[in-house]
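What Swiss-Prot lists as disulfide bond is C25-C114, C27-C43, C42-C94, C48-C121, C49-C87, C56-C80, C74-C85. The region 'Important for membrane-damaging activities in eukaryotes and bacteria' annotation in Swiss-Prot covers 104-116 and rests on similarity to another entry.
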Amino acid sequence: SVIELGKMIVQLTNKTPASYVSYGCFCGGGDRGKPKDATDRCCFVHSCCYDTLPDCSPKTDQYKYKWENGEIICENSTSCKKRICECDKAVAICLRENLKTYNKKYKIYPNILCRGEPDKC
């Protein structure tokens, strides 16, 4: 769920989840146009990951994970929860790897400015 995702973001980036709400064209919803930078592309890929889970509820299904030696370990009994956790883990890692591309001008970015054909997942 968004709760676990938020915790992962804090643990891996030391940024608050609010830093990514309405960031660019894909972080925190919107999902249109082209990603603005590598950080926004992380969210695009995350959205694509969620698209592969049509029978799951990634925003509301809570799951369990461990934080061990600076690493996220997904531990769930159900397939849906494990896959949601893996999607969230991947975006948190991606955001950490692309912290240098984070640009404040894309925070609370107007969705109307997100134009162009979206990339394919």
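Each Cβ is built from the backbone N, Cα and C atoms, and glycine gets one as well.
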List the residues of the same chain that sit at least 6 positions away from C27 (disulfide bond) in sequence and have their Cβ under 8 Å from its Cβ, in sequence order, or write 'none'.
Y20, V21, T39, D40, C42, C43
To the nearest Å, how far is the Cα of C121 (disulfide bond) from the Cα of C85 (disulfide bond)?
19
Candidate nearest C56 (disulfide bond) in space, where candidates are the disulfide-bonded residues C48, C49, C74, C94 and distance is Cα-Cα:
C49
Neighbours of C48 (disulfide bond) among the disulfide-bonded residues C80, C87, C114 (Cα to Cα, within 10 Å):
C87
By the DSSP assignment reduced to helix, strand and coil, which category contains C114 (disulfide bond)?
coil
Which one is closest to C85 (disulfide bond) in space, judged by CA to CA distance, out of the disulfide-bonded residues C25, C49, C94, C114?
C49
From the Cα of C114 (disulfide bond) across to the Cα of C74 (disulfide bond), what is the distance in angstrom?
33
May I ask for the distance between C25 (disulfide bond) and C49 (disulfide bond), taken between their Cα atoms and rounded to an integer number of Å?
16
C114 (disulfide bond) to C49 (disulfide bond): how many Å between their Cα atoms?
20
